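Take a look at the structure below.
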């Protein structure tokens, strides 16, 4: 039997149920009005209710404020957000560059009312750490910029590929791994194709030893590149911090340090994307000026499951990288079985070798389609002026070629084997060209576009 409550005891407050979509008011004023549910909308809800009738597509807005591109001097232009697939996150947007007071930047032609300077945001460029600045031709600094599409500038870019080694940039490592791996597959294709096309040129153990070892090394580099792709996918705005994160990991886990231990409190290293200024004689040091308009993030080796479930599964770049990584893992079985000393029967080769070969090629082609769509504002508008679009197209050609090479392997005729090994060669050439473009663009982080 419970004790009687005293008169001074506080009564328990009734629980109120409040929802964002509908708010019901029980006051007297509300009773005199028609009972109509009120709808409250937010500029950037963390998770949009797509089941609500009339809700805008996910591709037309940034649904999660934690991953919304932003900067201290950037303002999102209304109506500029778009994407190729309505159920995925947007891939393109335009940010106007503003001054410190929040007004549009005077980096253009304010006297004639011309277009302001802006940043053309793209999901792929954002993931790769590249930034595209669009300036009108009347901008004060527009006449000082040089056209990078001229042959001389392209040759300088190729020279940079052989002389600049930013090992701390995961995007650069991806381009190098895939380029070298695809080049090895070209050599492997010739080791397999020449004995079939020109038997007189064959030498001892050309296909089983030379071709098998080269194929294994190439597949290993593909697997390393696939792992780096996943790290890049969830480290946008932190791709240049891979070297520091790896050095910290080796120092903390294995006790490996580069050179003598340095005092971090006394010695600081400028981060990539910053410009340091001189220190005044009698004053505090001037803070560095950041060149990255979107700020930076800390490196993470693995994202949280909540971030994967609520954000990354809606990122077309993450889906493409995951598909490519899965294809590289499946394809790695072919590299292992190609090693000398492993002999398979015809039926076992069809199931253990050509089946992963076929599945890997299909996954590569699917990932390339997603990479192509990532560079486009919608699914039907190609972007031939963007380097990332060509990367996806050439990788798509390579994925289709490897799929054909695996399909021809199920045929025992001489012409099938001829076409299978030949498809491996031209598909690897396409992959090599697309990977070399990734290597090239990783060394060109800031792009300026002049528009009339």
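Placed from the backbone N, Cα and C atoms, the Cβ positions cover glycine too.
TrEMBL lists transmembrane segment for one of the ranges 375-392, 393-410, namely 393-410.
In TrEMBL, the annotation transmembrane segment applies to 170-194, one of the ranges 145-169, 170-194, 245-269. Per TrEMBL, the range carrying the annotation transmembrane segment out of 117-139, 209-231 is 209-231.
Using a Cβ-Cβ cut-off under 8 Å and counting only residues 6 or more beyond its ends in the same chain, the transmembrane segment (393-410) has close neighbours at 182, 349-350, 353-354, 357-358, 360-369, 371-372, 416-417, 419-421, 423-424, 426-428, 430-431, 433-435, 437. Two recorded stretches are said to be in contact when at least 3 C-beta pairs lie under 8 angstroms, sequence spacing 6 or more; the transmembrane segment (422-440) and the transmembrane segment (316-342) fall short of this definition. Long-range contacts of the transmembrane segment (316-342) within the same chain: residues 83-85, 88-89, 91, 123-124, 127, 205, 208-209, 211-213, 215-216, 218-220, 222-223, 225-227, 229-230, 232-234, 352-353, 356-357, 359-364, 366-368, 370-371, 373-374, each at least 6 residues beyond the stretch ends and with a Cβ under 8 Å from a Cβ of the stretch. Sequence-distant contacts of the transmembrane segment (170-194) (same chain, six or more residues past either end, CB-CB distance under 8 Å): 128-129, 201-202, 206-207, 210-211, 214-215, 217-222, 224-225, 228-229, 231-232, 235, 239, 242, 398, 418, 421-422, 424-425, 428-429, 431-432, 435-443.
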